[in-house]
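The domain 'Glucosamine/galactosamine-6-phosphate isomerase' annotation in TrEMBL covers 9-226. For ASP67, HIS138, the entry in TrEMBL reads active site, proton acceptor. Under the heading active site, for ring-opening step, TrEMBL lists ASP136, GLU143. Marked as site 'Part of the allosteric site' by TrEMBL: SER146, ARG153, LYS155, THR156.
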Amino acid sequence: MEVVIVPDAKAAGELIAEAMAQLLRRKPDALLGVATGSTPLPIYEALAAQVDAGAVDASKARIAQLDEYVGLPTGHPESYRATVLRQVVDPLGLSEAAFMGPDGSAADVQAACEAYDSALVEAGGVDLQLLGIGTDGHIGFNEPCSSLASRTRIKTLTEQTIADNARFFDGDLSQVPRHVITQGIGTILEARHLVLLATGEGKADAVAATVEGPVASVVPASALQLHPHATVVVDEAAASKLKLADYFRHTYANKPEWQGL
Ligand code: PGA
């Protein structure tokens, strides 16, 4: 995988937004896989700024969601559907019709998972999938020891993830759903380009295990090592435990400009 070390979260957001803009210039109806959480917000802000400035036309873009809580009432502001509509779909000037995601309120969750996996294939597959990383190494909500071949399915959150996400529920752990639907690791690996962003010192251990550790389901993000086009963008703090940081800096500084991310 390619590792790109940038000074801070703003620079990361601009770099990844530019890669998304380049994709949209090549393929205006690209299917963009988006992630929730705090980390990707600078990407969405930078991409919306490009759209507002007329630097890219996102009017035909399609947006696919990575994961969703199970059991939140429809329209709950912290459901990932509502979050992605608020943070990505609306700012890009898209309509809800451009959005696809798993149905976390379905009576038959298993059927909803299978339907979402099929819908992604029928939509032509994800062109660029943004990923965050949990402090426990998860991608999407594929918690440690998720099968590297997994498909979209229901998962139980770890106590660590519940604690990490309580900030979105007024700090009240009891309000955080215990179950989620997540694209599986096998599903995620089918996207044409994976872009994982990690910022802050709290992610440094997970990033080091992902990039320099063995491929192992105990670190789900390490599955990116199996993908032919995976980019890991990290700020200096998240890169602080990478032994090969200087090598990654050297490689990226000498990369031919035309290659892009
Ligand atoms: P965060 O979440 O961006 O809010 O840290 C990342 C994740 O859990 O994947």
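Glycine too: its Cβ is placed from the backbone N, Cα and C atoms.
A map of TrEMBL features onto the structure.
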residue	record	CB count, 10 Å
ASP67	active site, proton acceptor	21
ASP136	active site, for ring-opening step	20
HIS138	active site, proton acceptor	27
GLU143	active site, for ring-opening step	22
SER146	site 'Part of the allosteric site'	23
ARG153	site 'Part of the allosteric site'	22
LYS155	site 'Part of the allosteric site'	21
THR156	site 'Part of the allosteric site'	13
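Not a single one of the recorded positions ASP67, ARG153, LYS155, THR156 has a C-alpha within 10 angstroms of the C-alpha of HIS138 (active site, proton acceptor).
Within 10 Å of SER146 (site 'Part of the allosteric site'), counting C-alpha to C-alpha distances, fall the following of the recorded positions ASP67, ASP136, LYS155, THR156: LYS155. Cα of GLU143 (active site, for ring-opening step) to Cα of ASP136 (active site, for ring-opening step): a distance of 7 Å. Here ASP136 (active site, for ring-opening step) is positioned 15 angstrom away from LYS155 (site 'Part of the allosteric site'), judged by their C-alpha atoms. When Cα-Cα distances from ASP136 (active site, for ring-opening step) are compared across the recorded positions ASP67, ARG153, THR156, the shortest belongs to THR156. Mean pLDDT of the predicted structure over the domain 'Glucosamine/galactosamine-6-phosphate isomerase' (9-226): 97. Of the recorded residues, ARG153 (site 'Part of the allosteric site') and ASP67 (active site, proton acceptor) place their C-alpha atoms 10 Å from one another.
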